[in-house]
Amino acid sequence: MAKFIFVTGGVVSGLGKGITASSIGALLKASGLKVFMQKFDPYLNVDPGTMSPYQHGEVFVTKDGGETDLDLGHYERFIDEELTKLSSTTSGKIYLSVIKGERKGDTSGKTIQVVPHITDAIKNKVYQAAKQSQADVIISEIGGTVGDIESQPFIEAIRQIRLEQGKENVMFVHVVLLLWLAASKEYKTKPIQNSVKAMASLGIQPDVIVCRSDSSSPKDIKEKISLFCNVPITNIIDAIDQDSIYRVPLALAKQNLQDIIIEQLQLKANAIDLTSWKQFNKKIDSSSQEIEISFVGKYIELQDAYLSVLESLKIAGWEFNKKIKIRWIQAETLNESNYNEILKNSQGILVPGGFGKRGIEGMMLASRYARDNDIPYLGICLGMQIATISIARDLLNWTDADSTEFNKNTTHPIFDYIKGIDRDNIGGTLRLGTMVTKLEKDSLVSKLYNSDVALERHRHRYEFNNKYKKDLESVGLRFSGIYEEKNLVEVIEMPSLKFFVASQFHPEFTSRPNKPTPLFKGFIKAIIENNK
């Protein structure tokens, strides 16, 4: 039978509940336990797929095509497991399923209420995750902050799960902010006390309190929190600011958080083995020389919009003992008169995914600069599309070459809507999830993957128009990755250049500590070799 850990947050949002939950998962996995993780978001969107990156940040795609919260990227990277749609649930998804059931007559004419119908649906998601994953431990993060009106059904649901399963099977971890007042030079615990009281008023007593701060809390402060919050002092854990999120598991392990959990939940675990985490942290420590990458995107004002791309770059850099320095370039600012000057010191150029017309002309100029100057280039999703269109415009002189996403009247639609995709609804209608890409023999990408196939995740609704394949091949473009089932182009490269590679899929979703995705590893290696 699975055990359950629920991670909640108090005082303020944005404390790093996701990193805390991920670190707990990493510690339990390092103790020989099978872990499954999930996130409950209180917002009423069915999923984040239609939300603006400026509102939500990155949409992380699971192997089965779930469009999910960016915290799932942290979960997968920390526990090195592929999660599923079951790992992401929103209030919108819960309410929609309950209302659909009522409309179909599944509720036998009963009055539909938050308790029990909504709370039962939430509990079913937790129990379903336990049944399908067959994990030893299910770790569920509750989004938002205790006291938020939107979170109350989730808090009530996990209270009921504790009642149903017992304290030896359910654990509550509460992440809070420990305030430091610089003026009076003292810590203030009252916000923590009030947060725990708010939890208690909803029927939940935290078993562990994780205190976020920029330094370790003194013993007397821990004693005070312990006394007023009714939590043993051994279960008051410091989570201080780190220069890398990948140091957090080791920091929590030093405070024996895994032992506290294993003891309360009566888990049969092995002695913890943190060898891989220690080795990874040594790579971080030994990385000194910087590599500067020009990151040409359209959502750069909110870096969380590209979270997995950034983490993938860091992980690949550390593999070569290099630090990654990002030079953020808003694609809209690039034009014919300034792009050479702005991009002239680029060691590598990356154009990530995105939707819509804004900024694409600047992205094409970045792609052109990489081609003309033989600078390592990596394009992802939209970054592949604009690279291909740019080649059609510059090398075939098709000046109006475009995607029908940007220009429905183009006479050279290099990219067009995927056949069979719903054109009327944008939610959940993209090509999503892991697909098998067949890699051409002796291509650069096949050498990077050391395989004739790549398993990567997708999120797009436009595809390359095979009508123009021979024309583009005639000017040196190689179509080196194909989804054979539907003959869709997945990877392009320019063999005449040192590293000019772009993929329709998103390789950033499969990067892991100590295991960088081949495209990112190859990109960083090419930059290093190009700058010797």
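Every residue, even glycine, has its Cβ placed from backbone N, Cα and C.
With Ser13, Lys188, Thr189, Lys190, Pro191, Ile192, Gln193 listed by Swiss-Prot as binding UTP, the candidate from Lys63, Lys219, Lys222, Lys224 annotated for that site turns out to be Lys224. With Gly14, Leu15, Gly16, Lys17, Gly18, Ile19 listed by Swiss-Prot as binding ATP, the candidate from Asp69, Asp71, Asp80, Asp106 annotated for that site turns out to be Asp71.
The 10 Å shell around the Cβ of Gly383 (L-glutamine binding site) contains 26 further Cβ atoms across the protein chains shown.
Cα of Glu141 (Mg(2+) binding site) to Cα of His506 (active site): a span of 25 Å.
Cβ neighbours within 10 Å of Ile192 (UTP binding site), excluding its own Cβ and spanning all shown chains: 25. Sequence-distant neighbours of Leu15 (ATP binding site) (same chain, six or more apart, CB under 8 Å from its CB) are Gly9, Val175, Val176, Leu177, Arg212, listed in sequence order.
The two recorded residues, Ser13 (UTP binding site) and Asp71 (ATP binding site), show a Cα separation of 14 Å. Shown are the binding-site residues Lys17, Lys188, Lys224, Arg461; the one with the most C-beta atoms within 10 angstroms of its own C-beta is Lys17.
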